[in-house]
Amino acid sequence: MSLNTQRATHIAQVLTEALPYIQRFSGKTLVIKYGGNAMVDENLKNSFARDVVLMKAVGINPVIVHGGGPQIGDLLERVGKQSEFINGMRVTDRETMDIVEMVLGGQVNKSIVNLINNHGGRAVGLTGKDGSLIYAEKLNVSRHSDDPAIKTSEVIDLGHVGKVSSVDTSVIDMLIHSDFIPVIAPIGVGKDGESYNINADLVAGKIAEVLQAEKLILLTNTAGLLDADGKLLTGLNAKQVNDLIDEGVIYGGMLPKIGCALDAVQAGVTTAHIIDGRVQHAVLLEMFTDEGVGTLIRGGGR
Ligand SMILES: Nc1ncnc2c1ncn2[C@@H]1O[C@H](COP(=O)(O)OP(=O)(O)O)[C@@H](O)[C@H]1O
Ligand SMILES: CC(=O)N[C@@H](CCC(=O)OP(=O)(O)O)C(=O)O
């Protein structure tokens, strides 16, 4: 057998092995959160874009929600502004909000759209303002005292940080039905017309819920959810997650991620996955293998 025939045989085998997964997910919607930390390497960005285009080509409907925390951090640094994070959320004053909108709605959103289109897909970029997709309201968080004797907690004003109050998916439905791939920046608009900076995981989770997606896939810069010894936790339910939060094993940027994954599966999304965006073709590995990759979160057990 020539080398070319061997290669073609291998491709044919791979394709037929993927067939049951393609049949299972064809026509289904998948919400993929593409984290800013997973967008750093050119090869990885290209492999992500190819995965998305391939999915669409086999009849799956990917909806991309992206972050861009490190990219916002870079521009803030260039203009000499410091950022503070509380419970994984960036404290956002008006000037920071302008930069967030420029970086997420402009630079990051358009670069992902461009990348997908360069691989033969048809992507359309949106923020939550387009088509009134995401209405937001102000998010306030409470900080508990480190002293267990002090039971009261302090409410902290995070500025223009929002949470999703409602999602109108009309514009997403229209794009999906016309064979476009929606690429969404996590900016919401308040009833007062103000812009809100929303953690991208929260937006991805809510959109997955409202679309009743088959999967919510959160790409990040760790192998998945890790235990106190740094070992990957492959399958978890709500009770186990809450115990890990109480033990302080889950903190920072993983808090909104795991929170939205739990909320999504409890609201009807079949499964949520936290996977390693530093691995080439991470999304396809999750979709087209029985064992999957990263951490799988299912509903129940709270
Ligand atoms: N138990 C945990 N397992 C894995 N990562 C964790 C855990 N707890 C906190 N983290 C932190 O969460 C980070 C991922 O969140 P974040 O930085 O917001 O990523 P992204 O930009 O992908 O949303 C990890 O890099 C890690 O520092
Ligand atoms: C309120 C809040 O923290 N918003 C985030 C929005 C971007 C984001 O979520 O980016 P990653 O997914 O790359 O972390 C921020 O300002 O960084």
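Cβ coordinates are placed from backbone N, Cα and C, and glycine is handled just like the others.
Caution: TrEMBL annotation is automatic and unverified by curators.
Annotated substrate binding in TrEMBL involves Gly68, Gly69, Arg90 plus, out of the candidates Asn4, Asn140, Asn197, the residue Asn197. Contacts of Gly68 (substrate binding site) defined by a Cβ separation under 8 A and a same-chain sequence distance of 6+ are given as Gly36, Met39, Val103, Leu104, Gln107, Val108, Ala185, Ala200, in order along the sequence.
The Cβ of Arg90 (substrate binding site) has Gly69, Ile72, Ser83, Glu84, Thr96, Val100, Leu158, Val161, Asn197 as same-chain neighbours under 8 Å, each 6 or more residues away in sequence. On the backbone, the CA of Lys257 (site 'Transition state stabilizer') and the CA of Lys33 (site 'Transition state stabilizer') stand 10 Å apart.
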